[in-house]
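Peer 1: Structure in structure tokens, see below.
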Amino acid sequence: MTTIVSVRRNGKVVIAGDGQVSLGNTVMKGNARKVRRLYNNKVLAGFAGGTADAFTLFERFERKLEMHQGHLLKSAVELAKDWRTDRALRKLEAILAVADETGSLIITGNGDVVQPENDLIAIGSGGNFAQAAATALLENTDLGAREIAEKSLNIAGDICVFTNHNHTIEELETK
């Protein structure tokens, strides 16, 4: 799988992810790009789960963003509705972390849209490790969002065999 982490702090929001693609217990690729900018670079999105499934969801989510003029929550809810009702989409195995200047959301394969507590998202096989690390850093340091995301991904990469140290990091200014 992978690890994706999103941190919002001090006027910045970051989504970061590692680059490992695994097939069973074999590393197939180490430099995949699982974090992207969408909708005229105004929305960040990262995925954990099946790569082909995630690209399908990225495309559909970007279409929803265009339909709803970049409104993050409305686009996420509409994608989740499709995910629940479309027979082909229901079989997709992926989870998305998305953020814009105003908010962050998790969109699950069950069609759920969740606004995280404390503006922290950590998903994927190393998500629990990254979340624990990021929580500790948020509560006990003055580090910025980017540094917290990097450090928590490094810790997840040290522990989780499905997470590596080849990171993609995207950042936006927040309101």
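Our numbering is plain: 1 for the first residue shown, then up by one each step along the chain.
Yeah, the Cβs are placed from backbone N, Cα and C, and that goes for glycine too.
Copying in the features that Swiss-Prot gives for the protein in this structure:
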ACT_SITE  Thr2  active site
BINDING   Gly157, Cys160, Thr163  Na(+) binding site
Peer 1: Work out the three-state DSSP category of Gly157 (Na(+) binding site).
Peer 2: helix
Peer 1: Of Thr2, Thr163, which of the recorded positions has the most Cβ neighbours inside 10 Å?
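Peer 2: Ranked by Cβ atoms within 10 Å, first place goes to Thr163.
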Peer 1: Measuring Cα to Cα, how far is Gly157 (Na(+) binding site) from Thr2 (active site) in Å?
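Peer 2: Pair distance, Cα basis, whole Å: 9 Å.
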Peer 1: State the Cα to Cα distance, in Å, between Cys160 (Na(+) binding site) and Thr2 (active site), rounded to an integer.
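Peer 2: Roughly 9 Å, rounded to the nearest whole number.
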Peer 1: Any idea what the Cα distance is from Thr2 (active site) over to Thr163 (Na(+) binding site), rounded to a whole Å?
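Peer 2: Roughly 5 Å, rounded to the nearest whole number.
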Peer 1: Please list, in sequence order, every residue of the chain apart from Gly157, Cys160, Thr163 whose Cβ lies within 8 Å of the Cβ centroid of the Na(+) site.
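Peer 2: Other same-chain residues with Cβ inside the cutoff are Thr3, Asp18, Gln20, Ser125, Gly126, Phe129, Leu153, Ala156, Asp158, Ile159, Val161, Phe162, Asn164, His165.
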Peer 1: Across all chains shown, how many C-beta atoms besides its own are within 10 angstroms of the C-beta of Gly157 (Na(+) binding site)?
Peer 2: 21
